[in-house]
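Marked as phosphoserine by Swiss-Prot: SER22, SER390, SER393. Among the features that Swiss-Prot reports, domain 'Grh/CP2 DB' is placed at 60-296, with the record citing sequence analysis. The region 'Disordered' annotation in Swiss-Prot covers 236-270, 285-368. Annotated compositional bias 'Basic and acidic residues' per Swiss-Prot: 238-262, in sequence order.
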Amino acid sequence: MAWVLKMDEVIESGLVHDFDASLSGIGQELGAGAYSMSDVLALPIFKQEDSSLPLDGETEHPPFQYVMCAATSPAVKLHDETLTYLNQGQSYEIRMLDNRKMGDMPEINGKLVKSIIRVVFHDRRLQYTEHQQLEGWKWNRPGDRLLDLDIPMSVGIIDTRTNPSQLNAVEFLWDPAKRTSAFIQVHCISTEFTPRKHGGEKGVPFRIQVDTFKQNENGEYTDHLHSASCQIKVFKPKGADRKQKTDREKMEKRTAHEKEKYQPSYDTTILTEMRLEPIIEDAVEHEQKKSSKRTLPADYGDSLAKRGSCSPWPDAPTAYVNNSPSPAPTFTSPQQSTCSVPDSNSSSPNHQGDGASQTSGEQIQPSATIQETQQWLLKNRFSSYTRLFSNFSGADLLKLTKEDLVQICGAADGIRLYNSLKSRSVRPRLTIYVCREQPSSTVLQGQQQAASSASENGSGAPYVYHAIYLEEMIASEVARKLALVFNIPLHQINQVYRQGPTGIHILVSDQMVQNFQDESCFLFSTVKAESSDGIHIILK
């Protein structure tokens, strides 16, 4: 019996030893020498880095940092850009911080830099029409600015400038070595730029963008150093506080698992450094692209915004100049310009004194050069589009359709430019046709007969009528246009009469002119006045 128990112990001991030996080999091939978790994470399937980002060894350090003292929204998902709500007209501090490492950019040590703060559109589809959007806002809010600088509250800023032609930008100089804070006020609200305004619309987002420049060798602040921006929405006074509270209450109702997908609300908003790329295409290239496809994809602007593109400054700053409006550019041409200012004495916008059309003088010709096209734009009050059409000749401009011009210039200016290109005049309120009889030197008599024929005079020659276009339906306008068309000195015309029944003469009054039928035909003659050296005109 003892032998049997001993054999059982030996067998059990052997089994345990064999089992331990078999377990000891598991995982040996997965040791540190053969397997590394970092190598697995480096595989392409796990790697989702943006190829445009710098590698760890060459991480760029931004020279400046801008912090806006306004809380971010808690209703923004983790990987989305922060969103900050602002109240219209309220002052918000932007702290301008020197973030350079020791030895970085020694050329600006002890020197001032210039920063331009702007409010721009976040959506690229609105950026394409930014000029027209801002012009429309200016029209509805005359005398107001989209962005202002609260100078009394600001600290460390020097020589602030605002240009009347750039209502969405302010600029100033500052010393990076000193404490600097700029207080800004945004006066436009997000719902002012929504296409349909019936109440309850979702307002469009804006961006607060800061661009900083240093001096070049000529002392001009043109060398770009840094740009950063953040996304905002602007509400009517106290509206931002209510929206922030609403977002916070919505987040409190979410489960803990859902909250993990959202960013926390931060007390301040850090403007994110962004790369510069041309967010607004060259106008010509853009129009050429639109010729085959008129609309942009619905997510086009949003996808670009998420990638972190930065809007270029309006005009590359060339010098730190005062904010007085710059004079309109002038152009010289070796040839005589094909455009001319309309004659103020013409009987209609398209007619000279003799009735000949002067359309050829006003209308831009297909052969017009680029310089002549620029002159034509200036003379026809399209100076704000001279830069947009800087490479357009007369033929290029005339090829644009009405729809093209409306998309480029907006509805109001687009239609006006189209009408100017097609030389469309204002439709006259009244048109009459007048033919002159042989002048008579007899004294005004009570009985005069009308011409025997409406188409021929006594010699059988056909009557030739001239068109008189009346923009004002008054008697003095009739006298002025008759004098202009038939080369009669206006001061010599005493009265204008209309021959009535039985040959009586009726004084032409404003009320009579207003009752003229459109395209009426008249013969007229002149007789000497009895009491002066003037003449009377008789319409028959």
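The backbone N, Cα and C atoms fix where each Cβ goes, glycine too.
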Worksheet item: Ranked by the number of other Cβ atoms within 10 Å of their own Cβ, which of the modified residues SER390, SER393 ranks first?
Response: SER393
Response to the item:
Confidence over the domain 'Grh/CP2 DB' (60-296), expressed as mean pLDDT on the 0 to 100 scale, is 82
Worksheet item: Per DSSP, what is the residue tally for the region 'Disordered' (236-270) in helix, strand and coil?
Response: 18 helix, 3 strand, 14 coil
